[in-house]
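*Asks:* Straight from TrEMBL, here's the annotation block:
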ACT_SITE  Glu304  active site, charge relay system
ACT_SITE  Asp308  active site, charge relay system
ACT_SITE  Ser553  active site, charge relay system
BINDING   Asp596, Ile597, Gly615, Asp617  Ca(2+) binding site
DOMAIN    227-637  domain 'Peptidase S53'
SIGNAL    1-18  signal peptide
Amino acid sequence: MRLLSFILTGALIALVAAMPSRRSNLVVHEKRAREPTDWVLSRKLEPDAVLPMRFGLTQNNLHRIEEMLMSVSHPSSASYGTHYSPEDIVDIFAPSDDTIAAVTEWLTESGIARERLRLAPSKGWIQVNATAAEVEELIAAEYHVYTHPSGAQQISCHSYSVPEHVREHIDLIQPTVHFSHRVSQPDRIQKRSLGQFGKLEAKIHGGPKTNGKQVTITPTLEHCDEVITLDCLRALYSIDYTPVATDKNTFGILELTPQAFLQSDLDMFFANFSPSQVGTAPTLVSIDGGVAQTDDQGFNFNGESDLDLEYAFGLTNPQPILLLQAGDLVEGASFNNWLDAVDGSFCTFEGGDDPTQDGIYPDPLPGGFDQPESCGIIAPPFVVSASYGEDEGDVTQAYAARQCAEYGKLGLLGTTVLYSSGDNGVAGNGGECLGPNGEPSPRGTRFSPDFPVTCPFVTAVGATQVNPGSTVNDPEGACEQVIFSGGGFSDFFALPDYQATAVTNFLTNHPPPFTSAQFNNSGVVRGFPDISANGANYVVAVAGEFVLVFGTSCSAPVVGSMITLINDARLAAGKGPVGFINPALYSDDFADSFHDITTGGNQGCGTPGFTATEGWDPVTGLGTPNFTTLLSHFLALP
């Protein structure tokens, strides 16, 4: 983490000095989201151990993000498409001088000398190196060392507290309760997982599934219920557009190391389905040492990246694609690392990366990336597709809110962010559900929503299928082959205005047969997914052979490709990218842009899950896109 080395001086010091001395009772600020699995409390942390403390300061105007997004993203808004500049974003959301002064006063009155404090360039956080004894006294915490059977160790506290009068000025403090679950736990990692390397894969899951069947290629629309190809997708969603503004347009695909593509796989796919693209490769954007490794090969290492790139390239030909490859082979990466790369201010936004959740760079481990972290190395692509996720119950609300706000900021800048909704129906990673206390449990019965798809500022993409025996001219159903489309309701995020009518209609007209003990049925929380696309029987070249692949990992890059084509048409017409698309998708103006999915469900947690029905539902969202209609509507906007 890069720090700006200057001492708090001038007007801020005067403001601090003018404030009266206040002592208040400490109140609990955060508790650990879940107890660590397979980790054993080994000992209390030594009192002289030095901790790199970061105090994330509350940002200004975060409550305005949805309002600001609606202003530039809703088709009826007079300022549609008038996106903000990066400088605007920093100015609007920087914390106030009062917040900086209040936290500074608390720290100095607690015995930490002012000259030890450092303020980040964005004013988003205050950093100080302090001993465990100092920190424990300061925030009423007790740090312990935990040990995993693999030998890995982690420090953490169960909870921490701050004075009541300071609480409103602090978003989160780290390192504290955000426990690392990076060590591989094979019994909990599903086939959507990253494989067996990297520290983050046991918590962040990504990657499609396969039924293990090798396939012989006989491209024909007659068999799209058995094998999905580029032509099947074009027929299903009326995609007939060739990009003409590729020099202006940008499309990013996120991959987390060690997931990596093989050029030989891309060429094998192209030779069969898009011959003119043989030899085409993505532009590698190496984030924090990200490398498209080739040492480890096979479905668990190449399945995700091969799938994403083969179909994204094929559908957007000849659009170049940016491969956002995050994390080295030692430390790994998470979503915050790619956010750092496209927005330098996020590296210090409300405390920067969380060392217990994200890859922290430079990486001191042998073979690790030893350069400064990748902050603001590229402009945000107009579209970013990510086929990874983690359970909402695995992170704290403060951590989730911090990251969600950044997705909102990207929307304000004109970027569309799409995440796959998960492959376990209403259950979480590995089919695990939540217990009565809200923590993941092997015996849990409460539905476990995914994250970041529950963030209202991303577009969540579910999965459908061409039903067995059906054709591309027949209605699709929710995906119920090998995987079940992830969907449900958040336990963290409020219902956004753009979705309120759709969610209310679903809960009123099609009330699910479940109680509040099984899901958040309050009617005031975010529902997901937003839209869907086919996610079953994709023909993908992986490690030198064609296999059938399933998952929302298939559908996310397909939708991302369609939005990229729409951006191309707008750019060619002298307009800007569409940016955050959800307000438009849910508007009456776009109601005819989707194929409504009314069959199938997303079983999990010992239940049939939710059921697809007329209108929006928490299985397939609004349905699958009709690209031709969607293009027409977006092209008509300013």
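The backbone N, Cα and C atoms fix where each Cβ goes, glycine too.
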*Asks:* For Asp596 (Ca(2+) binding site), which of the active-site residues Glu304, Asp308, Ser553 has the nearest Cα in space?
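*Replies:* Ranked by Cα distance from Asp596 (Ca(2+) binding site), first place goes to Ser553.
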*Asks:* Please report the distance from the Cα of Glu304 (active site, charge relay system) to the Cα of Ser553 (active site, charge relay system), rounded to the nearest angstrom.
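*Replies:* Spelling it out, the Cα of Glu304 (active site, charge relay system) and the Cα of Ser553 (active site, charge relay system) are 7 Å apart.
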*Asks:* Given a separation of at least six residues and a C-beta threshold under 8 Å, show me what packs close to Gly615 (Ca(2+) binding site) in the same chain.
*Replies:* Ala502, Asn505, Phe506, Asn509, Asp596, Leu622
*Asks:* Among Asp308, Asp596, the recorded positions in question, whose Cβ has the most other Cβ atoms within 10 Å in this structure?
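*Replies:* For the recorded positions Asp308, Asp596, the Cβ with the most other Cβ atoms within 10 Å is Asp308.
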*Asks:* Out of Asp308, Ile597, Asp617, which of these recorded positions is nearest Ser553 (active site, charge relay system) by C-alpha distance?
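*Replies:* Of the recorded positions Asp308, Ile597, Asp617, Asp308 has its Cα closest to that of Ser553 (active site, charge relay system).
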*Asks:* Taking the Cβ of Asp617 (Ca(2+) binding site) as reference, which residues of that chain separated by at least 6 in sequence fall under 8 Å from it?
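*Replies:* In sequence order, Gly487, Phe506, His510, Ile597, Phe610, Thr611 meet the Cβ cut-off.
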*Asks:* Setting Asp596, Ile597, Gly615, Asp617 aside, what same-chain residues sit with their Cβ within 8 Å of the center of the Cβ atoms that define the Ca(2+) site, listed in sequence order?
*Replies:* Thr598, Ala612, Thr613, Glu614, Trp616, Thr620, Gly621, Leu622, Gly623
*Asks:* With every protein chain in view, how many other Cβ atoms are within 10 Å of the Cβ of Ile597 (Ca(2+) binding site)?
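*Replies:* For Ile597 (Ca(2+) binding site), the 10 Å Cβ neighbour count is 27.
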*Asks:* Measure from the Cβ of Glu304 (active site, charge relay system) and count the other Cβ atoms within 10 Å, all protein chains considered.
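*Replies:* Its Cβ shell of radius 10 Å holds 32 other Cβ atoms.
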